[in-house]
Amino acid sequence: MGEGGCIPSMDLFRSEPMQLVQLIIPIESAHQTVSYLGDLGLLQFKDLNSDKSPFQRTYASQIKRCGEMARKLRFFKEQMSKGGVVPSARTISRADINMDDLEIKLGELESELIEINGNSDKLQRAYSELVEYKLVLQKAGEFFYTARSSATAQQREIEARQSGEGSLDSPLLLEQEMSADHAKQVKLGFVSGLIPRDKLMAFERILFRATRGNVFIKQTTIEDPVTDPVSGEKVEKNVFVVFYSGERAKAKIMKICDAFGANRYPFTEEMGKQAQMIAEVSGRTSELKTTIDLGLMHRYNLLSSIGSQYEQWNLLVRKEKSIYHTLNMLSIDVTKKCLVAEGWSPVFATHQIQDALQRASFDSNSQVGAVFQILHTKESPPTYFRTNKFTSSFQEIVDAYGVAKYQEANPGLYTIVTFPFLFAVMFGDWGHGICLLLASLFLIIREKKYSSQKLGDIMEMTFGGRYIILMMSVFSIYTGLIYNEFFSVPFELFGPSAYACRDATCSDTTTWGLIKVRDTYPFGVDPEWHGSRSELPFLNSLKMKMSILLGVAQMNLGIIMSYTNAKFFKNSVNTWFQFIPQMIFLNSLFGYLSVLIIVKWCTGSKADLYHLMIYMFLSPTDDLGENQLFPYQRNLQLVLLGLALIAVPWMLLPKPFILKKQHEARHQGESYELLHSNDESVAVEASHDSHGHGHEEFEFSEVFVHQLIHTIEFVLGAVSNTASYLRLWALSLAHSELSTVFYEKVLMLAWGYNNIFILAIGVLVFIFATVGVLLVMETLSAFLHALRLHWVEFQNKFYEGDGYKFSPFSFALIGDEDE
């Protein structure tokens, strides 16, 4: 939405203050004014003509005109795509192009291009017909030549049998003499042409049935596909000659040829005429080929000329169309000399909008300047966060759940840190983190190139989240160093291990064979813990308890955010009867558990925290015994348990009665100040007038049931949400174990064979398994789980997300829109 550096600011915590403004614009400067406001991109116009259809609005004809120009440009783009012409990205200043001149030019270019295409299609069709005709002459000529050769051989054989000498015609005369009835002699006709090869079998079958077998078909295959004159596509065809007897048979054959899309061509039996026709067709084909090539060259030059200015023309038409669409949202003053506009703008943009109005009046030579004034309204303004290329992707994660209502506390600010960190807790491996880091850096380095290209859906989504991947990779490297895992292999990066074998009997590396010989490992998990039998319980305990600490901390942050919302909106009811009891309930149970975890870590106690928390409810007065971590712990637990029990009716009972009392006070005229508050009880009434007309009745039962549902949701959610954070531990363990399996059962197993071929296969399998499973599937899995923890466990404490985005009229947002 905005430009700036890559460092997030507190602008993300609350949306920008908005104002409803009214503009009174002289008609002569309206187009220029809207154009400058589109360049500015900080005003969201309201539709003041929503009761009118698109055809009833003032600038319908101009929009139709722009639509027709856009149609011509789409036609040019389609033709350039077919002709292999790439539009140039050369920019031309807007002052160099006049819309009237552009409309005339586009019309002329379209007419010229249509004429060229029409002539080219006719010439191409004629050329294709000549090519097919030449093939028929050649292939059918071979049929008749073969038949004559066969007839000549038969004639010579008959002559050899006859006594005496005769001419070449003697067999025919003899044959005629043997004929009993000269009137019954039949003269055969024939039809020749080409037919698609896939239709040949059906063609022959239909001919046989239609003529009852009284046809003779000769056909031969054409090796290379030929261009069909009708469709213009390459088709595999066969040349055919159908011999028939009688006009009725000929008519049937003609109809069947037409039905099967067979192209028929005339043919003569005379050898001399065949050679002459082939020569004529070859000459005409050569001439047509030259003409077609010249036409294609002219067409390519024309498309290249269009392509050099296409992008600028297209952008100009889009801008012009969007300007008239916006002008149609404005209402006409009663004098019909001014247009009235209303819209939302950020408060900080007031001076910029006023400057744009002044420049528009000056540039359009308007004698009257535009009027800018701020309107007071009770409508809910749109939500606008100023983001940059770094923070926008994190804000999109929040907006996918729901857009914040106006001035509501935005979780996007915290998501910049908490989202990649929770992901890294589940994806902790600094080797895998480095792979993600390299991928994100590659996308960031090629940012300018990819941002100007159209990418596929998956690639576009990945590129849009490049800074999220960068942060996730950095945090994954950090947590991987804490877990001391590099593709599941531990390293002594920060010094030697604090443990060593007591003697030679500790070859199985159990903890009983290890003794501490030096200071504790300075950072992360000691490398000797990896591969020991104690590794699983130790890392399980560490990751599980860490998940609870992170979960309780983030849920407390969510409740604190609800308090900031209540204070900001001056909602004292929620402050006293929602925020305070929620904090007490959550921290009396799970906050206390978090303290016990930290105390146990610091003191090295062997206390069983599960047993301790269970019996805190079942037997709160019993002695704690060996599970006691500090003095007076039992008394503290009794106090915390009592506070948790008190917090439940505290959340449930007072708020409905207080809201009822406030409602009665407003109707008695005792309080008018509450109309300015954002309390839930007056949210509906804020849209009505001050005389009380149209007020909804206060239903105490509905309010009470609503509060009961919220109370039950929070109490049960406090337990289920805390348990839900254990997914951090579960996915981290699964990621580590999968990485260990791929390393030990694939790479190390292949290494043990001492065979270069097996080792190469093992390395390839390890690489593909690591990339496919750990760097793609596990990354996606951890991403989705981190998303759920933010949307459900964190944001449900305070975030309503029932607002709507600020959508200003901006030329920067129309570049990639489809018509």
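Using the three backbone atoms N, Cα and C, a Cβ is placed for every residue, glycine included.
For the coiled coil (92-126), same-chain residues at least 6 beyond its ends with a Cβ under 8 Å from one of its own Cβ atoms are 65, 69, 72-73, 75-76, 79, 227, 229-230, 232, 288, 291-292, 295-296, 298-299, 302-303, 306, 309, 312-313, 316-317, 320. According to TrEMBL, the feature coiled coil maps to 92-126.
Residues or ranges marked as transmembrane segment by TrEMBL: 421-445 (among others).
Taken from TrEMBL, the feature transmembrane segment covers 466-483 (among others).
What TrEMBL records for 546-564 (among others) is transmembrane segment. Proximity of distant same-chain residues to the transmembrane segment (546-564), defined by a Cβ-Cβ separation under 8 Å and at least 6 residues beyond the stretch ends, is recorded for 409, 411, 414, 418, 422, 425, 574-575, 578-579, 582-583, 586-587, 590-591, 593-594, 597-598, 718, 721-722, 724-729, 789, 793-799.
Under the heading transmembrane segment, TrEMBL lists 576-599 (among others). Remote same-chain residues near the transmembrane segment (576-599) are listed as 545, 548-549, 551-553, 555-556, 559, 562-563, 566, 605, 607, 609, 612-613, 629-630, 636-637, 640-641, 643-644, 646-648, 650-651, 654-655, 658, 714-715, 718, 722, 797 (criterion: CB distance under 8 Å, separation of at least six residues from the stretch ends).
If one looks beyond the transmembrane segment (636-653) by at least 6 residues along the same chain, the residues whose Cβ comes under 8 Å of a Cβ in the stretch are 577-578, 580-582, 584-585, 588-589, 592, 616-617, 620-621, 707-708, 710-711, 714-715. What TrEMBL lists as transmembrane segment is 636-653 (among others).
TrEMBL lists 756-777 (among others) with the feature transmembrane segment.
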